[in-house]
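J.: TrEMBL feature annotations, pasted as is:
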ACT_SITE  ASP272  active site
BINDING   LYS99, SER203, ALA204, PHE205, LEU206, GLU277, ASP292  ATP binding site
BINDING   ASP292  Mn(2+) binding site
DOMAIN    167-384  domain 'FAM20 C-terminal'
Amino acid sequence: MYKEQLNLTSPEPPVQLRQDASWVQFHLGINRHGLYPRSSPVVSKLLQDMRHLPTISADYSQDEKALLGACDCSQIVKPSGVHLKLVLRFSDFGKAMFKPMRQQRDEETPEDFFYFIDFQRHNAEIAAFHLDRILDFRRVPPTVGRLVNVTKEILEVTRNEILQSVFFVSPANNVCFFAKCPYMCKTEYAVCGSPHLLEGSLSAFLPSLNLAPRLSVPSPWIRSYSLAGREEWEVNPLYCDAVKQAYPHNSSNRLLNIIDMAIFDFLIGNMDRHHYEMFTRFGEDGFLVHLDNARGFGRHSHDEVSILAPLFQCCRIKRKTLLHLQLLAQADYRLSDVMRESLLEDQLSPVLTEPHLLALDRRLQTILRTVQNCIEAHGEQSVVADGPVGQWAPDSSRANATS
């Protein structure tokens, strides 16, 4: 099916598809426990390939293509960076989402910014992948940092005339580009190389939807994407009672998975989780894919406790998740230290500044206090949930092959 797709879409003689390509093996290794097994050599190879393989094409993402020619720049309140991303294809036919550097490491999101107009940060995508792996969720697609030559690796390989048209040379002789929509009115919102090299994150693509269908489901704790609106969960402390009684949260692990996602988002400071996705093949108890984490790590000086609403309103948590968090709160396995060491693997290290790393420890303590408060109020048996026997089984090649 991949070969057929390639022959249909490529105007050039088709590239020979290698079955042992790291992105193919990554796709084949996805199972009901996560996107990849623990200590996966395939993921290590995939990260290496995304870091080093030459690009053979560059194009806008599908959501941005849908906006081209259909947006009104006068309606843009502030530059959000949400559409400044590209799809890069490598010489092995693998694809990755490229998000360029928009902010310096030491810049914090202005406190007056709404979460839905915040910048998207390339280093947040990289750090989110590492944190997700440390938490043993394995629900964030493999993501790596790379210095991209915007001239050779984007401009010279794209066939998209609109993308070609938004490149220019700045007064400082740096090569820059901007998104046609909504940035066509404001070239000052462009990103620029130095003069050609630009930092960015590369997130591996998941299998196409025709090969591995996914559901996109609105989060029960979705926020209001308006300047003044508030959702019911923000004003009703008993909101979770209604959620627990409704399908699918009344009969599956979906709610526990949403609480896992809330814990993850609180640690990175992401308020922009309006939907979640899951593979239809794995049924109601399948894991939630943690996509689009670029609005995390915006403010290390502020902890947005409302992100934890699913946890403190429902007072439920997986035992596996709790044990992992408790381990990362111990001095020998301090979360900030483990993250610092993990991020050293990335080419763009240091990925996070020290205040962001220390904020992880502070937020972890907030999570553990919240769980303790729930236990004191409702009892450990009601709060801490044990999953099905098979759900927490260690990964193995046999488990992957049979899932």
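Just so it is clear, glycine is given a Cβ too, placed from its N, Cα and C backbone atoms.
These numbers come from a predicted model, not from an experiment.
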J.: How far apart, in angstrom, are the most distant Cα atoms among the ATP-binding residues LYS99, SER203, ALA204, PHE205, LEU206, GLU277, ASP292?
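T.: Result: 20 Å between the two most distant Cα atoms.
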J.: Select the most exposed residue of ASP272, GLU277, ASP292, where exposure means the fewest other Cβ atoms within 10 Å, treating these as the recorded positions.
T.: GLU277
J.: Quick one: among the binding-site residues ALA204, LEU206, which has the most Cβ atoms sitting within 10 Å of its own Cβ?
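T.: Sorting the candidates by Cβ neighbours within 10 Å, the top entry is ALA204.
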J.: Once near-sequence residues are set aside, which residues in the chain of LYS99 (ATP binding site), 6 or more away, have Cβ atoms under 8 Å from its Cβ?
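T.: Residues satisfying the criterion: LEU84, LYS85, GLN120, HIS122, GLU125, GLY200, SER201, SER203, ALA294.
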J.: Can you work out the mean pLDDT of the predicted model over the domain 'FAM20 C-terminal' (167-384)?
T.: 91
J.: Measuring Cα to Cα, tell me the gap between ASP272 (active site) and LEU206 (ATP binding site) in whole angstrom.
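T.: The Cα atom of ASP272 (active site) is 21 Å away from the Cα atom of LEU206 (ATP binding site).
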